[in-house]
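Here the structure is laid out as structure tokens; the discussion comes afterwards.
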Amino acid sequence: MPLIESDATGSPTDQLQRLPFPPVTYSHILHCSYDYWQPKYRALTPKSRIIPLTSSFVSYLHADGIVLPPENTPPTNDDDDFSDDPDAEEEADPSKDWPEVHAQIKSAIAELDGKVTPKLNWSAPKDATWMAATNDLQCRTPNDIYLLLKSSDFITHDLEHPFDDCVPDTSYSPAPISTPPEVKYNLVLRKYVNFNPSLEFRCFVRNRILLCICQRDQNHFDFLFELRDTLRSRIQSFFDEKLKDSFPDSSFVFDVYIPAPHQRVWLIDINPWAERTDPLLFSWLEILRMKDPIGIQEEDDSAEEQFVRLSLNGHSNGDQKPESESESEEEVEKAEDDAPLLPEFRLVKRDDPEAYSFTTPQYSAHKLPKEVVDASMTGPGGMSEFLGQWQDILSRQGQESDTESDN
């Protein structure tokens, strides 16, 4: 959600418009990079390959236009007829500048049964699936991957703005570097699995407490309501056992997939605790103001504190409060009574106006007119020609407007 600029800095209105996030550090963004966290949780993630990218390949992703390597098609007799033409233009092959990366991508596709889904360090090119023949992230060839990466605004953000609104991390050095660290970019190829989108969930963690959960797909699925308690229990146990004490940052957002029969939880992604991460069915202001769930409290055996927590069923193990219990403890218990017992698990309800968006195109703001895409794929000259034609059209429209105003 974008922040709204205000001229009255420091005013109450301005303060409300600024979400109360803690500073987002460079290290937090790096910890959410796939190549950092996936090796720590390899057994919890779907099968994948991580390919380090060379500077020449990163430059290719930065470059304007979409120029793909030639497909490896066998020559035909018609091709032989023109092979001796000295004026024939050789088809551009950008992969000549990064042959190692190209070869590793081919090899990884073969190792992962011929179908993969790509992403960079943080983002997958989900906004570019309209460019794919399958209308999803499924890729069978290197060119399928290059086309998605080159067409995606999400990938461009990974490349150009990974540390927007971040601050240096002072916990690692008394004199932190003021400039953002250099990013070692990687291409992640995950074995293609036809995920059931209704069983993907986003989970929000604040100060190592699982705060709330929601479904990722914003359509209504009636069967999820019967499974809500089971799924919440699975996610809570997964977090407590696998992520709570092992991830370096205390606040983060993680995505999971829990396929039928809903016994195993797969870790799909880890995202920053930052405004750039989509809160989906929540708002960030709502999340930041949430009280921590108190969970199932156990009896305290400490002789010093001499009081007993309430158990899950709400019955105290003692009829009277110990005399040593202080007023502050009463206030704490009163605050806990107001707090939720379990993390909120939000699902799309049947009567939600957004519940039936099957025909609504995702990421439509990132799409381009077909003419622009076609021009970019003809090579560097194609886009220049298209821009020239576009300027001519605008010029003619301006002349026609001037003529009409004179009349």
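Yeah, the Cβs are placed from backbone N, Cα and C, and that goes for glycine too.
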Given Swiss-Prot annotates Lys119, Trp122, Ala124, Lys126, Arg190, Lys191, Glu200, Arg202, Arg216, Asp269, Asn271 as ATP-binding, which of Asp144, Asp229, Asp255 belongs to that site as well?
Asp255
Three-state secondary structure, Lys119 (ATP binding site) (per DSSP):
strand
Determine, from DSSP, whether Glu200 (ATP binding site) sits in helix, strand or coil.
strand
Does anything in the same chain, at least 6 positions from Glu200 (ATP binding site), have a Cβ under 8 Å from its Cβ, and if so what?
Gln215, Arg216, Asp217, Asp255, Val256, Tyr257, Ile268
Just report the maximum Cα pair distance in Å for the recorded ATP binders Lys119, Trp122, Ala124, Lys126, Arg190, Lys191, Glu200, Arg202, Arg216, Asp255, Asp269, Asn271, no decimals.
21
A 10 Å Cβ contact count, applied to the binding-site residues Lys119, Arg216: which residue has the minimum?
Arg216
Nearest-integer angstrom distance between the alpha carbons (Cα) of Lys119 (ATP binding site) and Asn271 (Mg(2+) binding site):
14
Binding-site residues listed as Ala124, Asn271, least Cβ neighbours within 10 Å:
Asn271
